[in-house]
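Asker: For reference, TrEMBL lists these features for the protein:
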- A:6-192: domain 'Survival protein SurE-like phosphatase/nucleotidase' (DOMAIN)
- A:ASP11, A:ASP12, A:SER42, A:ASN98: divalent metal cation binding site (BINDING)
There are 2 protein chains.
Amino acid sequence: MNRPLILVTNDDGITAPGIRKLISIMNEIGDVIVVAPNSPQSGKGHAITINSTLSYEELTLDGPQKDFACSGTPVDCVKMALDKILPRRPDLVVSGINHGANSSINVIYSGTMSAAVEAGVEGLQSIGFSLSDLKWDADFDQAEDYIREIVLKTLENPMPKGVVLNVNIPNLKKEEIKGVKVCKQADAKWEESFDERVNPHGRKYYWLTGYFNNMDESEDADETALANGYISIVPVKFDLTAYEYMAELDSIYK
Amino acid sequence: MNRPLILVTNDDGITAPGIRKLISIMNEIGDVIVVAPNSPQSGKGHAITINSTLSYEELTLDGPQKDFACSGTPVDCVKMALDKILPRRPDLVVSGINHGANSSINVIYSGTMSAAVEAGVEGLQSIGFSLSDLKWDADFDQAEDYIREIVLKTLENPMPKGVVLNVNIPNLKKEEIKGVKVCKQADAKWEESFDERVNPHGRKYYWLTGYFNNMDESEDADETALANGYISIVPVKFDLTAYEYMAELDSIYK
């Protein structure tokens with residue numbers, strides 16, 4: 001195959017160390033165009049910008065790729081790239097490397113994964129990568145070989161329409177990572193606990209905080225794989241229909 | 001059963017005619033607490049507010065319910081309601097009535113449906129309602145009897161964990177609506193077409209626009225049901241795992 005065209009995006013913003021690492025790996029594999037948010041967009045889920053306008057500008061940063069910073073959400077970036085910036089449909093879209101895990105239920109809150117899903121909606125091969133380390137100066141080197149392998153395998157074995165990959169990397173040294181494991185999304189959720197404060201004018205305000213509650217200890221859940229030292233790969237789809245409940249629901253309305 | 005406690009939210013904002021209509025129907029069925037955005041939040045998907053703070057205030061509007069306007073996204077509203085506002089876990093969460101359809105792929109962009117999904121993540125019975133009419137002064141009366149029926153049936157026949165309902169109402173007169181139909185999410189997408197403009201300082205900016213492309217004419221797709229004059233009910237889940245592709249993916253990494 002010719003050198004693939006690869007679109008790179010993320011949700012932490014175009015200058016985040018995680019995306020710069022992903023770009024450097026993709027530069028070895030194909031021709032890279034980056035269209036990523038010009039500001040942090042974590043937790044934006046599948047938000048799009050419809051009541052406001054968007055803009056983008058080309059930046060000169062590092063390496064041979066082209067870099068475009070976009071004012072919108074991660075999903076806006078993918079739409080903008082496809083409609084306005086890329087010279088042709090890309091062979092692959094990669095999103096990340098996110099600073100922080102997007103395993104289990106986090107897939108629905110994550111801007112990184114929503115960008116990957118949006119590319120899937122557009123019928124493109126697409127992968128989101130996340131590292132279980134929230135730190136800005138996290139070490140992204142340990143997973144480099146695995147990311148390269150997953151990208152090359154995906155280019156060689158295209159996924160069916162309607163599926164993208166959610167790849168999570170444990171926060172371990174390279175020699176401690178046991179390999180990759182194909183998993184399901186663990187049944188887990190955030191237990192909310194808003195942090196209540198009072199502003200200088202006497203009005204209450206809140207920070208959204210909480211703790212992660214993993215309710216799924218099954219062997220094939222992504223949280224289990226990560227806890228056991230594996231990189232988890234979950235095939236993710238965006239047809240949300242609960243087919244297994246349709247017949248019963250139908251009987252209620254007959 | 002005792003009078004159920006019902007949480008009502010939406011994405012068009014607490015003063016939108018769609019939510020006021022939904023509140024008036026719910027007041028007949030149970031004790032209602034409204035926690036809805038204080039500003040329009042359409043297209044916010046599953047966004048949450050993590051890099052900024054949140055606040056809410058009680059308003060005095062119409063009817064016997066309690067109304068709270070929250071500064072965040074629809075998903076923030078659900079989290080805030082459960083952690084800070086409701087006296088106990090609600091028996092049902094309803095979101096909408098959205099001004100505009102949330103059928104097919106729109107489920108992932110929709111703040112209305114993301115609020116309903118968030119309630120599902122919290123283990124609650126939950127339904128999102130949308131009307132295929134974007135107008136602010138849309139006529140929400142025609143579906144009143146159907147909404148009441150769907151809510152009562154849901155209270156009588158609780159859904160299994162991990163499932164919520166996406167209900168879409170065609171823009172028809174009451175006598176033209178043929179009934180309700182349990183459906184799957186149609187395979188459809190938006191074809192982007194950014195509207196390019198130039199600001200007074202000579203810089204280009206864009207409005208996200210596009211047209212809806214329904215690629216699914218199957219009898220059981222929600223778009224088909226709506227086009228044929230039915231109210232569509234899609235059972236929606238938030239375990240996004242593409243189970244049907246796991247074995248093949250696994251073989252690629254063996």
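Positions of Cβ are set from backbone N, Cα and C atoms, glycine also.
Relative to the rest of the structure, where do these features sit?
Answerer: The 10 Å shell around the Cβ of A:ASP11 (divalent metal cation binding site) contains 33 further Cβ atoms across the protein chains shown. A:ASP11 (divalent metal cation binding site) falls outside any helix or strand according to DSSP and counts as coil.
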Asker: Indicate whether A:SER42 (divalent metal cation binding site) is helix, strand or coil by DSSP.
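Answerer: Its secondary structure by DSSP: coil.
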Asker: Among the binding-site residues A:ASP11, A:ASP12, A:ASN98, which ones place their CB within a distance below 8 Å of a chain B CB?
Answerer: none
Asker: Could you check the binding-site residues A:SER42, A:ASN98 and say which one's CB has the fewest neighbouring CB atoms inside 10 Å?
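Answerer: Checked A:SER42, A:ASN98; of these binding-site residues, fewest Cβ neighbours within 10 Å: A:SER42.
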Asker: Can you name the residues of this chain that are 6 or more positions from A:ASP12 (divalent metal cation binding site) yet have a C-beta less than 8 Å from its C-beta?
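Answerer: Those within reach of A:ASP12 (divalent metal cation binding site), by Cβ under 8 Å and sequence separation of 6 or more, are A:GLY18, A:ILE19, A:PRO40, A:GLN41, A:SER42, A:ASN98, A:HIS99, A:THR112.
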